[in-house]
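Q: A single structure is presented below for examination.
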Amino acid sequence: MDSDDDNMEEVVEGPLDEDDQPHGFCTVTYSSSDRFEGHFVHGEKNGKGKFFFFDGSTLEGFYVDDALQGQGVYTYEDGGALHGFYVDGELNGPAQEFNSDGQLVFRGRYKDNIRYGMCWVYYPDGACVVGEVNEEGEMTGKAVAYVYPDGRTALYGSFVDGELIEARLATLTTQENGRPHFTVDPDSPIYCYDKSTSSCIAGHKLLPDPYESQRVYVGQSLISGAGEGLFAQTEAEANTVMAFYNGVRITHTEVDSRDWSMNGNTISLDEDTVIDVPAPFNMTENYCGSLGHKANHSFSPNCKYDQYVHPRFGQIKCIRTIRAVEKDEELTVAYGYDHEPSGKSGPEAPEWYTKQFLEFQQRESGKGADETC
């Protein structure tokens, strides 16, 4: 995060001293295409200055005797930023990192440019991993915890580079000076990394997720003909993760080539992968590791699908509220099928969806007519 300007040709714009060295506010462009703008004293950076690196990243702070000292901000080429404490040009001390959306993604310390001690790594979905990093700055050890978005429910145990190996259910009880304290349930089952494949939905199919189990349950849907549905076990505010959507991982081509009757529990994860909960795993007696596939469709949903990095299942999707929900309220999402056959704005709609959409339009038209009258 610094420019190695030794033995480099440079072009100086600004005042020079009697030895033709930068002296005062100058702009120095190096042969590497890196550029520095700031204050110099007889050829050495002294005072406020900023590096503009060839890859689009920048480094800004206060220089003393040619080295960055104290608070500095390194901005990545994608707009993310690292705010840290520098000693003689190297990160040594507390630091925070933010992604390009301004969300906190790291909180902890650095030593000689490497993450050090107790560190927190945050995911955009609201969860985090916390623990003492190893000598390489990796979240590896036997006393690391994954903390769910509620900030309390946790899996505490062994991780390698932030990935779950095995852990027990725990509760984050207190924090003191950035150091968490957990109470581990000695009777908890062991949770392990259990990412699905194209043929295996999970190794431990009947092991419920502890966070999800506190928030939802499956019951008879209030929607006519929908079968089972997903319900809130407790009140929840808007933007709350309620359930997870894990399944086997198949391709879009496979989904598109088969009959619609086989696609009742499919959801697109990304441009390459579709998550599917096929029979018999659509029944909770055969699979209950995640329950997100039980959420039914509504044109007036109270939830949405969102990306989620799960400690057991890896990159999946979750069910997240878009408004406050009451205890025992059915959780619904918009499936996002294409309403127009020629539109191709989303997956082609099955017959039941098209029928429900027409009925919804008729109801909305009726409401509009009543309001006009």
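Including glycine, each Cβ sits where the backbone N, Cα and C put it.
As annotated by Swiss-Prot, region 'Disordered' applies to 1-20. What Swiss-Prot records for 36-58 is repeat 'MORN 1'. The annotation repeat 'MORN 2' is assigned in Swiss-Prot to 59-81. Here Swiss-Prot flags 106-128 as repeat 'MORN 3'. The domain 'SET' annotation in Swiss-Prot covers 214-336 and is backed by sequence analysis. Here Swiss-Prot flags A226, G227, E228, N296, H297 as S-adenosyl-L-methionine binding site, drawing on similarity to another entry. Annotation source Swiss-Prot lists site 'Histone H3K4 binding' at Y245, D256, T266, K317, Y335.
Can you walk me through where each of these features ends up in the structure?
A: Long-range contacts of the repeat 'MORN 1' (36-58) within its own chain (CB-CB distance under 8 A, at least 6 residues past either end) are made by residues 1-3, 5, 14, 17, 19, 21-28, 30, 64-67, 73-77.
Sequence-distant neighbours of the repeat 'MORN 2' (59-81) (same chain, 6+ residues past either end, Cβ-Cβ under 8 Å): 1-2, 38-39, 44-51, 53, 87-89, 97-100, 105.
In the predicted model, residues of the repeat 'MORN 3' (106-128) average a pLDDT of 98.
For H297 (S-adenosyl-L-methionine binding site), the Cβ neighbour count at a 10 Å cut-off comes to 17, with all displayed protein chains included.
Around Y245 (site 'Histone H3K4 binding'), the same-chain residues six or more apart in sequence whose CB sits under 8 Å from its CB are I267, I275, V277, S290, G292, H293, Y305, I316, K317, C318, I319, listed in sequence order.
The Cβ of D256 (site 'Histone H3K4 binding') lies under 8 Å from the Cβ of no residue that is in the same chain and 6 or more residues away along the sequence.
Cβ neighbours within 10 Å of T266 (site 'Histone H3K4 binding'), excluding its own Cβ and spanning all shown chains: 23.
In the three-state DSSP assignment, the secondary structure recorded for K317 (site 'Histone H3K4 binding') is strand.
The secondary structure of Y335 (site 'Histone H3K4 binding'), as reduced to three states from DSSP, is coil rather than helix or strand.
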Q: Where H297 (S-adenosyl-L-methionine binding site) and Y335 (site 'Histone H3K4 binding') are concerned, what is their Cα separation in Å, rounded?
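A: About 6 Å separate the Cα atoms of these two residues.
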Q: List which of the binding-site residues A226, G227, E228, N296 have their Cα within 10 Å of the Cα of Y335 (site 'Histone H3K4 binding'), in sequence order.
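A: Cα within 10 Å of Y335 (site 'Histone H3K4 binding'): N296.
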Q: How many whole Å apart are the CA atoms of N296 (S-adenosyl-L-methionine binding site) and T266 (site 'Histone H3K4 binding')?
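A: Between the alpha carbons of N296 (S-adenosyl-L-methionine binding site) and T266 (site 'Histone H3K4 binding') there are 12 Å.
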Q: For S-adenosyl-L-methionine, what surrounds A226, G227, E228, N296, H297 with a Cβ no more than 8 Å from their Cβ centroid?
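A: Sorted by sequence, the hits are S221, I223, G229, K294, A295.
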Q: Per DSSP, what is the residue tally for the repeat 'MORN 1' (36-58) in helix, strand and coil?
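A: Within the repeat 'MORN 1' (36-58) the tally stands at 0 helix, 16 strand, 7 coil.
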Q: Based on DSSP, name the secondary structure state of E228 (S-adenosyl-L-methionine binding site): helix, strand or coil.
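A: Where E228 (S-adenosyl-L-methionine binding site) sits, the three-state DSSP reduction gives strand.
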Q: What same-chain residues, at least 6 away in sequence, bring their CB to under 8 Å of the CB of A226 (S-adenosyl-L-methionine binding site)?
A: N296
